[in-house]
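Reading through the structure tokens given below for one structure.
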Amino acid sequence: MNIQSIEVSVEKLPLIKPFKTALRTADEIENVIVMLRLENGIIGMGAAAPTVAITGDSTEGIKGIIQSVITPQLLGKSITQLNQLSKIVQQSCVGNTSAKAAVEIAIYDTLCKFWNIPLYQFLGGKTNQLMNDMTISIGEEEKMVTEAKQIVNNGFSIIKIKAGKDWKKDIERISAIREAVGNNVTLRVDANQGWDVKHSIEVIREWEKDRLNIELVEQPVRAHNITGLKEIKRNVQTPIMADESLFSPRDAMKLLSEQAVDYLNIKLMKTGGIRRALQIADMAEVAEIECMIGSMMESSVSVAAAVHLAIAHPNITKIDLDAPLWIKAEPFEGIIYEENTIQVSGDSGLGVKRKR
Ligand SMILES: [Mg+2]
């Protein structure tokens with residue numbers, strides 16, 4: 001069954017509260033939605049989140065590359081040649097991983113609808129619920145502590161805390177949060193490239209000295225600084241995770257062979273879609289390095305793809321997929337969030353549809 005058309009539209013999505021990291025602040029996000037149609041009328045969906053500060057991909061850039069470069073290479077091709085289609089998408093241009101992810105997710109969704117099977121089953125998955133975390137933006141200590149308490153009251157047992165703007169304040173803020181929520185809550189910290197090597201070691205050692213029991217520290221230094229990650233890992237007990245340092249399977253190969261980090265954070269907007277995410281998770285499994293799956297500020301369409309992947313892959317053991325919970329009026333349904341758990345709808349493909 002051949003691909004008849006691929007259409008692109010832009011969705012503006014206001015957030016419940018501003019999302020603040022060391023790299024950016026967002027009050028509203030945009031997602032690019034891809035609708036892929038087969039000759040028999042089956043329609044699959046994909047989506048991309050522009051993050052100029054991370055991937056370099058803008059809304060207009062994503063739209064343009066899909067319409068003028070990727071789509072012409074896919075029209076008329078059979079949907080059942082999945083890996084070949086994925087290869088065409090990945091080789092269509094350099095970079096543009098968000099655009100590639102949107103199209104590739106739509107291809108997987110469409111094929112699974114064609115076979116009438118949920119994506120996680122197609123990927124060889126089980127039916128377990130996932131345990132999600134909730135993120136706290138960078139802010140003043142008091143505000144972050146209040147939010148942490150609210151998150152625990154809302155049923156979460158894992159909190160991801162944004163840091164990296166001011167290393168001295170980070171030491172105090174995370175200590176205050178630990179004191180407020182007690183020892184039964186898992187705390188993970190994301191510095192979003194905001195520290196240097198020296199301060200990373202200093203901050204993490206301080207938390208270790210005070211027995212804060214931080215689960216992991218994500219991307220303490222700049223994305224390109226692999227030797228820096230390695231040096232931090234060698235000098236602290238707390239596990240270190242690569243996020244912005246990891247886009248492609250090739251990046252994963254380098255991080256793994258250099259033993260630079262303890263965990264990898266996979267995001268579909270960085271990998272360019274599902275197939276390369278699978279390749280990274282597989283490679284990491286061979287290297288005995290577990291993976292987290294995260295997302296940008298994305299709607300349920302592309303986050304659903306990440307959920308299916310996480311359900312299916314035994315080496316994806318940590319879940320950071322709270323983005324749809326930040327959207328004021330989520331236009332799509334299909335991911336079932338209940339307190340700290342995530343499930344998918346069980347319908348074929350992503351199981352996601354537009355709300356009526
Ligand atoms: Mg991160």
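Each residue, glycine too, has its Cβ placed from N, Cα and C.
According to TrEMBL, the residue from D190, D196, D251, D262 that belongs to the Mg(2+) site alongside E218, D243 is D190.
Summed and averaged per residue, pLDDT over the domain 'Mandelate racemase/muconate lactonizing enzyme C-terminal' (141-239) gives 97. Counting every protein chain shown, the Cβ of K267 (active site, proton acceptor) has 28 other Cβ atoms within 10 Å. Sequence-distant contacts of E218 (Mg(2+) binding site), defined as residues of its own chain at least six apart whose C-beta falls under 8 angstroms from its C-beta, comprise R188, V189, D190, A191, N192, I240, M241, A242, D243, N265. Less than 8 angstroms from the CB of T135 (substrate binding site) sit F19, I159, K160, I161, K162, D190, D320, D322, each of them six or more residues away in the same chain.
Across the domain 'Mandelate racemase/muconate lactonizing enzyme C-terminal' (141-239), DSSP helix (H, G, I), strand (E, B) and coil residues number 51 helix, 15 strand, 33 coil. Distance from the CA of K267 (active site, proton acceptor) to the CA of S295 (substrate binding site) is 5 Å. The 6 Å Cβ screen around ligand 1 retains D243 from the binding-site residues T135, D243, D322, ordered by sequence position.
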